[in-house]
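Colleague: My questions all concern the structure below.
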Amino acid sequence: MKKETIGVKGGFHLLDTYPLPFCTIIDEISSDGSPGQFQFPVTSQKVEHVIVNLCPTEPWALPNWVILKHKTATFLNMLKEIRTGYFSDAQFHLAINEKEDKAVEDAMNFAGTEDWIHVFPLCAKYPQDDPVILVQVLLGMDVNFGQDIKSLGILIVDAQTVLAMYEQGIMRKDVNSRYVVLSGTGLRENEIIRVELGTSVEKILKNKIKATGACRVFMNGPLRGNEISDLSQKIDWSVNNIVVLEEKNRKTLFPMFKADELAFTTSLLGELRRCVYCNFCDDICPVALEPALYYHSYIRGEKHKARLYHMEKCIECGLCSFICPSKLELLKMIRACKAPDKHA
Amino acid sequence: MKKFLKPLEPLLDKGLNTAESFIHTHPKVNFFFGAVFEAFDGLIRNPKETAQSPPFIRHNYDVKRFMGAVLVALVCGWVLPAIYLYGWQCVVPKLIVSFIAGVFIADFLWVIIAREEHIAEGGFVTCLFIPAILPPQAPLWLIGLGAALAIIFRNILGGIGNNIVNPALFSRLFLTICFPAFLVTGYQMPLIGTQVIHTVPQGLDAVTHATPFTAFKTSGEVASYLSLLLGTTTGSLGETCRLALILAGLWLMKVKVANWRVPASYLGSVFVFSVFFSLILGKAVAPPFFQLLSGGLILGAFFMATDPITTTYNQTAKWIFGAGCGFITVLIRDFTTLPEGVMYAILLMNLLAIPIQSLMVKIRYRL
Ligand code: SF4
Ligand code: SF4
């Protein structure tokens, strides 16, 4: 198959903006109880397409080398066995970060001899690996945000899930731990750990948080993830990473000289203003929406109007709020507009 | 510089914190100086607000930087060339008067009277425009009045984000109506040496020359393109050195502060329409390249029409906006007795931007 490069319009190079170096030594942490088990992804629906996402676009997500260990061919052979064992007539689509030349080349060579696998080298711009965009770019199908893509016969798995499927489904081993990435300005250092499922966040972060200053903990990244205030929460298979950010809730002198100090903290990095129509939000929106229209409808109290502007296409990637120089809470407004009116 | 500031930082920080809590605990002081303090504080300190809803990290690009970029571009685009062409005695006092009247008097008073929270840095941008669009020998009081009017007008409409038309241009329109005599005289030839300082406040009437466009309208004479580009012809203080303006404008587009669609369509349509009218009417209308390089077109297209608040938000509509500006500019220049049409064109299109925007939204979303 010929090498294709598809990038989303809009989007943002998070990987370049927040480079996070990781230590290659991987610690292990065990839970103090019986660990949970990996659930093999089975659906009632017949699986027609399996999308293997080897294109993480967020710097705090698990990088490919942890799983692939620079041996892409081995990984692809695992994939083949999984296919033979479970999804015998499904097509496999491999999304790989185009910058990882070696992996792309290996995958291309492999795909040259097999007809069930298709390789797509992609630009690792956030949110390229969003399910909606992956399905659109790889399969040419339009799905909506929040739609159940499993019911369409599509399964999206990441590298770690493939490994777990192989170990559990083919090797018949128990999979009860997973890799979790710890990063952020609130931690002493960025690291990758292997934890048993069911370990509490508190235990993982023990002795890792910087002693000075306040910080906040986010699961699955500060852009798409959730803030967790209750640290006794347990790790399950869906937790890819934990990000701990410094809470800069005091004023900082001369912010223009302190970009490094303020970056990757929870600071808004500016004052809340009125929309200045700068077009940053629609330039960055990966699905070409115009978020400022939602803002204007929202502040006028016309939520029903906001929904007319193709709001259902929004994949809630959060980039519009991220970039807005007036620091408007666009994503929050979008979610508020999407929610049905109470009295209507 | 950084090293030198390091030991002072905690002291300054503490001082500001003390001042802040003092102001907040004394309502009377807060009434008069709260906003002023906040404006000053906002210039040198990052606010303490943190992201309370996702996404929890934000890009470090705020409105202050946005305005800062415009200021830098304006300084490189017209202030420095004007100082070279007309001498600092002509430029610096005008800037000082403009800032004092606009930002330090009009804006501060407004903030105190109207209880606004912010003194917006956009005022600096507006005040930096005022001397640029007035003749080099405009008296200082005219500049001051223009700046104050622009700021008051913008604030009455609700401040940055709510102004429908470009405040600097609106204030020039006002001055054109009230003091027409001052707007057609005072066009001094550049590079004739610096003027003696005591003549600065009134401006010199004696040195008035026709601007290239007036010259064309009266005698059909076309100034050389090179002199137009380099700024060695007459014109408003900030519009003559087109080369610097173009370079600064391109930089603004590169950092995405100015949207490239507006200047592209504006200049493009001026060119297209002037070619069109030249073909029909021959020598009676100004030739296309002369149109592009004369008057306030370059300054207007790169810096004023691109003001994001007064154009449309929709990016396709920006093409229409720019094309409309170009069309009106050419019409006014070629078929009226007015010497220049850029100001009217931009002001008119600023008003039309609102219906264009809603029309485009309707078309795009099939409402
Ligand atoms: S990024 Fe923010 S300020 Fe700019 S147009 Fe969008 S909502 Fe308005
Ligand atoms: S959150 Fe929605 S509207 Fe905002 S950039 Fe992402 S897809 Fe576009």
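Backbone N, Cα and C define each Cβ position, glycine as well.
Summarising the annotation, TrEMBL assigns transmembrane segment to B:66-86, B:92-112, B:140-157, B:169-189, B:225-252, B:264-282, B:288-305, B:317-336, B:342-361.
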Colleague: Could you tell me whether the transmembrane segment (B:140-157) and the transmembrane segment (B:288-305) are in contact, taking contact to mean 3+ Cβ pairs under 8 Å with a sequence separation of 6 or more?
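Modeller: These two stretches do not touch.
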Colleague: By Cβ distance under 8 Å, which residues at least 6 away from the ends of the transmembrane segment (B:140-157) in the same chain are close to it?
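Modeller: Non-local partners: 93-94, 97-103, 105-107, 110, 114, 116, 122-123, 126-127, 129-131, 134, 163-164, 167-168, 170-172, 174-175, 179, 182, 200-201, 203.
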Colleague: Considering only Cβ pairs within less than 8 angstroms, which of the stretches B:225-252, B:264-282, B:317-336, B:342-361 has the most against the transmembrane segment (B:169-189)?
Modeller: B:342-361
Colleague: By Cβ distance under 8 Å, which residues at least 6 away from the ends of the transmembrane segment (B:342-361) in the same chain are close to it?
Modeller: 133, 164-166, 169-170, 172-173, 176, 295-297, 299-301, 304-305, 310-314, 316-317, 320-321, 324-329, 332, 367
